[in-house]
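Before any comments, here is the structure.
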Amino acid sequence: MNSSKNPIYDYFNRPLRDLRISVTDKCNFRCTYCMPAEIFGPDYPFLKRKELLSYEEIERLAKIFVSSLGVQKIRITGGEPLMRKDLPSLIRKLNEIEGVEDIAMTTNGSLLPKYAKELRAAGLNRVSISLDSLQDEVFGKINGRGVTVQTVIDGIDAAAEAGLKVKINMVVKRGMNDHEIVPMAKFFREKGHILRFIEFMDVGNTNKWNLKDVYSKKEIIEDIHKIMPLEPIEPNYTGEVATRYRYQGANDEIGVISSVSDAFCSTCNRARLSANGMLYTCLFASKGHDLREPIRSDLSNDELTELLENIWFKRDDKYSLERSETSATRKKIEMSHIGG
Ligand code: SAM
Ligand code: SF4
Ligand code: SF4
């Protein structure tokens, strides 16, 4: 058993460094590319309270991941993580774990005006806030709930004022919002936040993904470069998912997450824990490993460590390197279950 803080390595020699924890599968938005309203309607069987891992259970697992498997970073996600009651108390527990270097959260931003200060005080360092458009008409359609752009901007401002480091995520889908790449780049350059463009991905089976709808990294960079010339820059660390570019002659930057056109599986060091305690070793996994049953039985921490090590040792995922027309239709876990 690996009892040090050294990472463990999978079948392709990739360490485990980054744990993403989804705390709920519910959301107050219905983004068309993630939780289309016609499928995630009033009768959709969302997880019941007793099915969710409790904060104590999440804390116990996180401690093992950090102390025995080499995890250094934790990201909280959802669904919309701020829909889960008293999230700051979970952040506080995670922040007390020795060895955690960074706690981040991905959010749609709508509830940040209410919670940003409390989250920062609890030990949250960074937030990635999702915003796909600067036009209410376009954004309201994308989020499926008519939420205004200003609602998210208020969340962004509240996070920055609370002292959280802020990045913005924009999913780009051809014909949906590719015309807003340059306006978004200009807006967030002026505002002083790093904007990251995300290629539309074939996560889950409900978002009608089609390769033709993917607006590629190359196209995104070309669009911006024509107006504001860019140059590539080195990654901050091995395994960084976004390719970084700097505006020429300046210090500000953007990033592109190109899971479809330029896969980064060879450095993928992430594991994902769903709200009901399933561990997924790939965003595009068809099945996960149940940790809720073992954690609710009498398993000791050593036995749990061994179980987790065995899952990671056997991990041979490289979905994005092997993506094909047929793999896109294979049964896969939904984004709202594992949180991106
Ligand atoms: N609700 C939060 C939010 O929207 O930021 C957290 C969960 S959401 C599933 C995490 C990230 O995944 C968001 O930035 C979202 O835009 C992105 N996302 C969801 N579905 C996607 C898809 N099909 N392709 C690319 N990114 C996607
Ligand atoms: Fe909700 Fe985030 Fe999915 Fe949009 S992307 S539906 S905000 S979980
Ligand atoms: Fe990691 Fe799977 Fe994405 Fe490849 S496809 S980068 S293995 S999550």
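Cβ atoms are placed via backbone N, Cα and C, with glycine included.
TrEMBL does not curate its annotations; it predicts them automatically.
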Same GTP site per TrEMBL - residue from Lys167, Lys331, Lys332 joining Arg20, Arg75, Thr106, Arg270, Ala271, Arg272: Lys167
Cα-proximity to Ala271 (GTP binding site), 10 Å cut-off, over binding-site residues Cys31, Tyr33, Cys282: Cys282
In sequence order, the binding-site residues (Cys31, Cys34, Ser130, Met201, Cys282) whose C-alpha falls within 10 A of Thr106 (GTP binding site): Ser130
Inter-residue Cα distance where the pair is Cys27 ([4Fe-4S] cluster 1 binding site) and Tyr33 (S-adenosyl-L-methionine binding site), in Å: 13
Cβ-based neighbourhood (8 Å from the centroid) of the [4Fe-4S] cluster 1 site, residues Cys27, Cys31, Cys34 excluded: Phe29, Arg30, Tyr33, Met35, Phe40, Gly79, Glu80, Asn108, Asn143, Gly144, Met335, Ser336
[4Fe-4S] cluster 2 site, defined by Cys265, Cys268, Cys282: further same-chain residues with Cβ within 8 Å of the Cβ centre: Arg14, Ala263, Phe264, Arg270, Thr281, Leu283, Asp317, Lys318, Tyr319, Ser320, Leu321
Overall pLDDT for the domain 'Radical SAM core' (11-231), taken as the rounded mean: 97
